[in-house]
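Report on the structure given below.
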């Protein structure tokens, strides 16, 4: 038989028949103990106790239990009849994330004990990272701060296991371990390489718990904008509006308007959801407008919206605007954008505040806000309020702020759940595929009824808005009391408790005298709003009625996000002059430590960022669970008796009682804000005894998501509620006329001006004196301070404008060729309200000839907000860097400017700007280097030498120096980042910037010459090189010359991967290298090993010398084996053991061969030496000695004769002979083989014969060095420097003796230099004046010195000899309009290889710009779309194009250049193509601008 529920009238009758003693007052003692439902470990927490009607002394014990272990939180003895207090406790180290909290109250006749489950969470300290700016250029230094505070914002002396930098490819490129934060703050810095991976980087801070705090910054190649383009328009417009006002304004960073042409494009884009043509330009609706900016730098346009069809679907529901402003004078064009949403929702309603619960008989409070589509309040409109659909309906009117306060009388409400809907306008539901209809949103809210057996209630009146820190807020309580429940009580005490940041913050009470018959009314009391209550405070108010019933209500307050440490930051004035002195004053809590920052507004225009703000700091706070969660498996032991739900049979029908579960009770109120309540008062609604379950039903706590969580029975797992985020910080008296003229000379232009720490004194004051930068801009400055007492405080961002009433700007080319002329423009800008008379002058110099352009006037009138440009036609006469100094001076003159009197500025009367121009000689630069190693032993040595110049040398271009060093690696040490005058744009070339630093550090360390300065510089180069090399890494751990290039097919290169693997393994001793990079590279290489132990080639060999005259596999395997042994891996390692088997097998074949195989044998000799195989090492060296070239007491090795002769012929077209790269490399490998033995310190166990041979090899190698200490190319430089460093360590001796070097020419002493232990690493240089000339160098004393003579000169290109490349260069105007054709043209290049080999190695095409022109970067970048072009670079006035290889098939490509500065008498510019590894193989061709033969002879 189906069971039926008992009818409601019968159920109510049963409730009335409940025993009277269930509701009667007993007068027994009452206990209330309150604890947060989640506790933090390591920070103070509170437990609050309320004891009432005690008739005996009791002991209170609050205990935290972990199984059989426990800790006491509170032990107290209560004597007073009534007491209410809170007590603090701290949980040091929790044994488990969950525990039981037990409350026991025991007296002679009373015993109360209850246990509840509890979460315990370690309080994670909020941590944030602040960088000095949001965006960086390659090569700049990233500065950042790590800050740690507790949940009260007091500094935490925390230690982080690791802080690291992660690049856009998620590679860890640098790290700091065990970073301490004394005082809660630590500053770190990190240098970016000159060629880093561009994109988003991260600073990652890892805590002990493993949690990571990440902060992002961008690395980008950029130029700071001079001005910004602002597009001002409504964010939203109604679809019925007919006009849209759009304003575009240009403002300089110093706040002044930009004069220029404004172009505005207004579009609504096409966006059918089923179309692939979203945003398709041809289907977009667009209009364009153009006009000169007004005096405010703005252009205002009223746009008619009808053309954009705002009511039609199928288009984006927004109008987008792109505005461009082209600055007058310079032609610089910048863009700004804006958009306006087209809204069909014409009104929106939302609840700003409302009661969470409702209590029958007490008014329900709520507030709603009505706004239009733009978010503007709609005043004086009637709103309809419906309760539970249309059962009850009310009308309220909005005030002038669009707010309507809702007050609903609930006296007659009987429903357990109240749903409230607020309506402004009803919607007409109409679905149309083509047209948009208007819509009005409604506001909805729900409130559950609170159960009270006596129908007694209290309700807090809503507090609207955000409460300010420091204010006193009145709390109003509405009450409705049952007289029977009050009995004869004369007063009633209201207890309140404030919960903030998950913990109990404060508590108190207020007594209400009871008047006879007054059971309904309002009582109020004040509370003070304090910073510790922010951002949200939860107030719970409760009282205990004489019938033992507890009634309560709760309300949340939004608190101003304030800090106890108030920080004020100020400059003495809002504006300063460039280069003046000022100071930044900071005020905060005494003895605070303050971190100050000031960033150029231009940086923030380029990369806006979120400021470090109260909101961002408060977002870092961990969040506790707000709802009490049942953890299980604690059996349910409610303090209240349950009602047995027995069936009732009536007229033969069985009725089941209906239990109402929808009402909330006082227990739910406490639970809703995360409080555990232990009490013997009545806080629960009646419950039926459980029939089938061992555990209680989880209470509904008023939040749908909490109810959903509680539906999981026995849930013992809970994800972390602690949220950690990271933040970036923005980063920001008159002089009388007779006094000396004040002049500014501007040359200091930083992007971050201030990045300093300032400790405050006992009065809370601090001052930072600073020099104002020369940038005419606005600086954004801010500060945060840390105090051990009041914690963290933030200042507001302040602005400081650097400005002067008038200033001068110079427009110059980067470089010109001697004989060319250019127009130097000096523009004076006047931003004063009055006119000034200005004299503009250019300081004359013998280095150039300057002639004024146009009518020459001694002075010029410039009125307010106007500018004047004065020009000179300049012809440089000297070579090198020529400085141009221009001055604008305000004159005291009776002469009127029109009808206005010219005034003299009080602060600055003169502005001077100095800018350089590089003046280059005509033709192509050549360099010859002569190196000599002289070792006098207490006797004078003399060397005669001659500097000759070729017949076709360019007059005045020759310059020469002789350098003297006391150390074999001295020159290389001076030029570690400039060993080669070649580009470094690929994965192998970058290693020449990386690896030599390791050898220098090892050499200096072994010879005890390592200083902190050298170590710091070398390590910084290693860090930079490590960053760059990761650009060439593939996802599988391998490396290739140009890296993983996205869609273009590329694979790892076996040879380069081995090179990188060895270098990274060796660099670990000096810098952080991520282990996975070494592991992954080694694993990848291991996969390339064949069964015979040899390695197979993957990727192309850009250097043909690696082929070595034998099977490529043997040479490559020898190279990889050397790399593995140098890591070092032991010879017993399986990969190494198998590789050595490959080499031994190969040597057996080579030793019986009649061919030379010099390159391969050199590698084999060194590999066997590293492996400790002395026998094989001796065999190979003996074979190599037969191939050795002995000359002039030196020894070296060279390639087979036929190749050598071909190369020598090629040299006849080039420089004075220097050994090819491959010969230096193979000779260096032989030197390494001689210097390496099996001992732990191999260089100390060498025989005298080995050292003698090594010395002869060193003499030859040292003669091949270039003027920077490198050699011809990358591999020869790396291997030769490694060999020289080993030789230097083997032969190093300290001596107190000195060597003197005297240089004479024609009987005249050019210079005398002295070398000793104190300066042996110092590069000493003498400039040689006689060119051509005969010189004598005399060396005396005891020791060795390295002499290097460098001769540089320019020659005019001649068709001499047969070049191994064909090169043709043509130019063509891009615009045939005669007035414009000289401003832009195309350079087309055809190139091929016609040398002796089937194809070239990697080739560089170097295109120098003609003066006054710059490359169009997108057209250069587009060249990389061609399969054979691997990379392009734009270097000042050069374009570099990397080509993988060339054959005899002609390859053609082109790119565009455009005019930057007008230059007359344009000279041709050279294009050079050369083999990167055989630098003697090259060709040169000149090109001219297509209009250079015009009558004007230039582009001026």
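Each Cβ is built from the backbone N, Cα and C atoms, and glycine gets one as well.
These come from Swiss-Prot:
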{"type": "SIGNAL", "residues": "1-24", "note": "signal peptide"}
{"type": "DISULFID", "residues": "48-86", "note": "disulfide bond"}
{"type": "CARBOHYD", "residues": "55", "note": "N-linked glycosylation site"}
{"type": "CARBOHYD", "residues": "61", "note": "N-linked glycosylation site"}
{"type": "CARBOHYD", "residues": "157", "note": "N-linked glycosylation site"}
{"type": "DISULFID", "residues": "249-298", "note": "disulfide bond"}
{"type": "DISULFID", "residues": "267-286", "note": "disulfide bond"}
{"type": "CARBOHYD", "residues": "382", "note": "N-linked glycosylation site"}
{"type": "CARBOHYD", "residues": "412", "note": "N-linked glycosylation site"}
{"type": "DISULFID", "residues": "469-562", "note": "disulfide bond"}
{"type": "CARBOHYD", "residues": "568", "note": "N-linked glycosylation site"}
{"type": "DISULFID", "residues": "594-785", "note": "disulfide bond"}
{"type": "DISULFID", "residues": "642-689", "note": "disulfide bond"}
{"type": "REGION", "residues": "686-746", "note": "region 'Bait region'"}
{"type": "DISULFID", "residues": "835-863", "note": "disulfide bond"}
{"type": "DISULFID", "residues": "861-897", "note": "disulfide bond"}
{"type": "CARBOHYD", "residues": "883", "note": "N-linked glycosylation site"}
{"type": "DISULFID", "residues": "935-1344", "note": "disulfide bond"}
{"type": "CARBOHYD", "residues": "944", "note": "N-linked glycosylation site"}
{"type": "CARBOHYD", "residues": "1005", "note": "N-linked glycosylation site"}
{"type": "DISULFID", "residues": "1094-1142", "note": "disulfide bond"}
{"type": "REGION", "residues": "1360-1500", "note": "region 'Receptor-binding domain'"}
{"type": "CARBOHYD", "residues": "1390", "note": "N-linked glycosylation site"}
{"type": "CARBOHYD", "residues": "1448", "note": "N-linked glycosylation site"}
* Asked: Looking only at 286, 298, 1094, which of these disulfide-bonded residues has the biggest number of Cβ atoms within 10 Å around its Cβ?
  -> 1094
* Select the closest residue to residue 1448 (N-linked glycosylation site) from the following recorded positions, measuring between CA atoms: 157, 298, 412, 944, 1344. => 944
* Asked: By the DSSP assignment reduced to helix, strand and coil, which category contains residue 1005 (N-linked glycosylation site)?
  -> helix
* **residue 1094 (disulfide bond) and residue 48 (disulfide bond), Cα-Cα, nearest whole angstrom** => 77
* If you measure from the Cα of residue 249 (disulfide bond), which of the recorded positions 267, 469, 1094, 1142, 1390 is the nearest? -> 267
* Asked: Nearest to residue 267 (disulfide bond) by Cα, among 594, 863, 897, 1344 (disulfide-bonded residues)?
  -> 863
* To do: Filter the recorded positions 286, 382, 469, 835 down to those whose C-alpha lies within 10 angstroms of the C-alpha of residue 861 (disulfide bond); answer none if the list is empty.
  => 835
* Asked: What's the CA to CA span in angstrom from residue 897 (disulfide bond) over to residue 286 (disulfide bond)?
  -> 46
* To do: Using all protein chains in view, find how many other C-beta atoms are within 10 Å of the C-beta of residue 897 (disulfide bond).
  => 17
* Using DSSP, tally how many residues of the region 'Receptor-binding domain' (1360-1500) sit in helix, strand and coil. => 12 helix, 66 strand, 63 coil
* Structure fact -> Across the disulfide-bonded residues (267, 469), the Cβ with the fewest other Cβ atoms inside 10 Å is that of 469
* To the nearest whole angstrom, what is the C-alpha distance linking residue 1344 (disulfide bond) and residue 944 (N-linked glycosylation site)? -> 18
* Just give me the nearest neighbour of residue 86 (disulfide bond) among the recorded positions 157, 382, 562, 594, 835, Cα to Cα. => 562
* Other CB atoms, at most 10 A from the CB of residue 861 (disulfide bond) -> 19
* Can you tell me how far the Cα of residue 298 (disulfide bond) sits from the Cα of residue 382 (N-linked glycosylation site), in Å? -> 41
* Asked: Which of the three DSSP states, helix, strand or coil, fits residue 267 (disulfide bond)?
  -> strand
* May I ask you to report the DSSP-based helix, strand or coil state of residue 1142 (disulfide bond)? => helix
* **For residue 562 (disulfide bond): intrachain residues, at least 6 apart, with Cβ closer than 8 Å** => 468, 469, 531, 534, 614
* Structure fact -> Three-class DSSP assignment, residue 562 (disulfide bond), comes back as coil
* For residue 1390 (N-linked glycosylation site), just count the other CB atoms lying within 10 A of its CB, please. => 15
